[in-house]
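K.L.:
Got a structure here, written out as structure tokens. Questions coming.
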Amino acid sequence: MPNLRFTEKPLSEWMQKGGDYSDVVISSRVRIARNLVHQPFPIIASTEQAQQVRERLTAALQDEGVQAQGPFEPLVLDELDDVDKEVLMEKHLISPNLINDSRAGAVLLAENESVSIMINEEDHLRIQCLYPGFQLEEAWQRATAIDDAFERVVDYAFDDRRGYLTSCPTNLGTGLRASVMLHLPALAIMNQIGRILSAVSQVGLAVRGLYGEGSEALGNIFQISNQITLGLSEQEIIDNLHSVVMQIIEYEQHARSRLLDESRLRITDRIMRSYGILSYATMMDAKEAFQRISDVRLGVDLGLIDRASAGQMNELLIMTQPGFLQKTFGVKMGSGERDKYRAQMIRDTLSDVHVAD
Amino acid sequence: MICQECQQRPATLHFTKIVNGEKTEFHICEHCAREKGELIPGTSGGFSIHNLLSGLMDFDAGNKAKVAGTPAQQLQCPECGMTYVQFRKLGRFGCSSCYQTFDRQLDPMLKRVHGSTAHSGKLPARAGEQIKVRRQVNELRQQMQQRIAEEEFEQAAQLRDQIRELDKQISQES
Ligand SMILES: [Zn+2]
Ligand SMILES: [Zn+2]
């Protein structure tokens, strides 16, 4: 039986600590894609070949250098039940692709969940570091150190001219995808989000709403990431993203102080209404939950509400998702029932009642 | 930049389509890209970034195939067996040797996707040592050719000795 503690809590305590600019930046993530030489990529590998890759990479955990970066606990996807897989996905520790399309998939998790290493996703190895707040440089340093440790014991597919070879050419070269998750409620309220985000997409960065279909951003949460992986050094990629995000943080902070100056009463009313609804509603769909949680989080960050914390709101973003609800309440639920349980989860969290035991 | 289809959402996909030598730029959001799949070369209805990529590769290859060499359609990776047609469908390579097999088709696509065709980032530490030496050898060779062209044979001979020394190092390590 695999160790399931990773699916029991929505956020590790470490994740609640915040990090730099945690009033705007929820988290910073760096992902490095690597492949083993002379092994077919997961997309065409046979089950036996995929198992060989998994064995090779989990065996690397015995190496001292790799251990020094961990310890990492391997979880084999086939040994997890569906709800646990969904929870790991909702916590951003594994990707939907690893759940749906992977043969002999596995994930190596660091105890505090800051590192998750996916095996047999689109590439053999995807090293991911997820840090709270704005800590891109820290996440990169950690990821590259783990990469170095693996490289001492396995042979990577690397080409002088093309760099690290990846299954999809969009990851070629550095194999590096860096992204920052931002909460931008004031820019959204003041209708400036479109203008700023379209500017961002013109400088080679991608923007997506993190939750919801297409680019509709539920809860005013946006993810900004680099698109270019070839021809720039890793440091250039990190620095570019860093400086663009820094500007967005300034815009958001400026919009927030304008909100306070120009419409304090109105914004306070909006935040308190949302808090009231979260505290007492008996049914709540995902879309409304995201919006209300976003409002209350803004209230916390503006110092307009002291009954809730930013960590609580981060936690609710994950706890109100389908997999986590099912895990917590231990029942299979349709969407109508889910709205009931979601409302209950929110009420209990805000009144600080422990629901899990 | 705003999506040119819906005029609402920010455009997150930017690409250029060339039909009969006429260039059209596209700036659309993911939502519209998914809905208007037929807009994008290489897809029919369903959209994915992989289809988009292979589409880019396809018309570049089409233009090139007329010039010389093996037609792209007949290429097949000797290591994993992936054919050009399969790559077009999947938008992903099957193994690291595919990068050599489809090398000629790759540059225009990489240029469009990344604005560049060559890696300038991290080198793997172990393999990287050899790569560094090989790069050094290439540089010295170029310098040597230049010296010879300038008839500075003494300096050319010194460079030749350095190259021999480094070559020895490479063959010992591998
Ligand atoms: Zn659109
Ligand atoms: Zn191949």
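Using N, Cα and C of the backbone, Cβ positions are placed for all residues, glycine too.
Computed from a predicted structure; not experimentally measured.
As annotated in TrEMBL:
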BINDING   A:27-31, A:H92, A:R126, A:177-181, A:208-213  ATP binding site
DOMAIN    A:24-255  domain 'Phosphagen kinase C-terminal'
K.L.:
When a 10 Å sphere is centred on the Cβ of A:R208 (ATP binding site), how many other Cβ atoms does it contain?
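P.N.:
Its Cβ shell of radius 10 Å holds 21 other Cβ atoms.
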K.L.:
Of these binding-site residues, A:S27, A:V30, A:R126, A:S179, A:R208, which are close to chain B by the rule of a Cβ under 8 Å away?
P.N.:
A:R208
K.L.:
Give me the mean pLDDT over the domain 'Phosphagen kinase C-terminal' (A:24-255), rounded to a whole number.
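P.N.:
Value for the domain 'Phosphagen kinase C-terminal' (A:24-255), mean pLDDT as a whole number: 91.
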K.L.:
Run through the Cβ atoms and count how many others sit within 10 Å of the one on A:R126 (ATP binding site).
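P.N.:
Result for A:R126 (ATP binding site): 25 neighbouring Cβ atoms inside 10 Å.
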K.L.:
For a quick check of understanding: among the binding-site residues A:V30, A:S179, which residue's Cβ has the most other Cβ atoms within 10 Å?
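P.N.:
Answer by Cβ density within 10 Å: A:V30.
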K.L.:
Quick one: give me the count of other CB atoms within 10 A of the CB of A:S27 (ATP binding site).
P.N.:
21
